[in-house]
């Protein structure tokens, strides 16, 4: 396909148009009084959401050059979401602010490479200052506040705090749809291990790139499956029952993997294959743990079992299994309480007898997985559209809370970024262009608070002017229209979310500024379809 190329000013201006179109859509959602965005779906009802990354991913612009600019901003949002789990709208607002100001200066003749150095220098100083003013999460109330701010719901904040209290900060918390209209919490027996699907074609939810299996059978083996004939009789029996299957094996290779994938794509049955967790003897022990939890049997040579002779009653079962690219979560296994308790007692005895700190640590990890359970948040709503929107909010809140536990929290509502701006305002660059880059970041740090104020119906410049004269952590609470200490009021953001949003925004914006050429496809003109009944047109029988 032929290509079209734009250079210098024309290239950057086209990219910036795309940046603005995406950012102007996303930034309307920031803050407690942010608006919703309605997304058209290829089928079914439209989605209503205020989730930044969901909106960013859904935007596809007609102009190729503008679309590239939009996709770069979407990447900043996506990377922030991947690392911190929230802060996507903040990342988008910061990217637009840095890119806009930078483009003005490059157009006026500044050197983009010097500006980039200044942006990087100011970003590093800002991140260092964020860590200095960060607070550690020490109470259930603080966890509830972080989650409440992210989800704009006090009830959700308390629900997530309860979940973390029950399964621990590192515990497994999953989110499921409820059959009723109430959102509730339950704790069930479950386990998570660090192994993801062997093929992305096994996913059942393309938006979240995860596979969800309801009431599946679970084949547990330490063998490598390369010949599909070894498990064919078992598969046929599972298909007849209309059940799904999770395969936990040493590996699935050869003809076996593509055959399973093909049957999944054709809709013959739902199957996901993952590698067994751990290595060597620890792998065997972990497989035995999974077998106890799910009521299955480990198919291994040690017990004289062959794959081709495996029967349905040797498979484990669970109410639900969720597999991502990195992890597998088994919820509510069908194992008997006696078998699980016996396994727990055995591990406790090994911990007492072990003389190795490393072995003790690994045994304690196994025990925690068996005893900790899985907290399940059942999300309820009156309609399907409301359910999706509520689920997005709860997922963001859960990710925010985990981020706060990791790196602490800072004053929310954009206040921390303005506090950082005040602390590093005297930062100096080695050249005038580098100083320009530093000044661009300093101005951009106030963009989130300006937008939050504007979404609340206030003049962003007036709010910012007053905020810059306040002491640290005193900010504008858009939810109550009051000026107060944001930390004491419970308006807090995870440091990790704020840090990641700034770093990704600076990185993408700097790339935009240093772009000198953009290459895009030239759309080909499609030939007009021949009119019906035209002379010489072949008939259907040919």
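The count begins at 1 with the first shown residue.
Cβ coordinates come from backbone N, Cα and C, glycine included.
Owing to the predicted nature of the structure, the values given are computational and were not obtained by experimental measurement.
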Given Swiss-Prot lists 29, 30, 31, 32, 86, 87, 88, 89, 90, 413, 477, 478, 479 for ATP, the same-site residue among 20, 406, 426, 493: 493
Chain-internal residues near residue 477 (ATP binding site), provided their CB is under 8 angstroms and they sit 6+ positions away: 413, 483, 484, 486, 489, 491
Listed in sequence order, residues with CB under 8 A of residue 88 (ATP binding site) and six or more positions away: 26, 51, 52, 53, 56, 77, 78, 80, 81, 501
Binding-site residues (29, 90), the one with most neighbouring Cβ atoms at 10 Å: 90
Set of same-chain residues at least 6 away whose C-beta sits under 8 angstroms from residue 31 (ATP binding site): 413, 451, 452, 453, 455, 456, 478
Residue 86 (ATP binding site): tally of other CB atoms within 10 A of its CB: 33
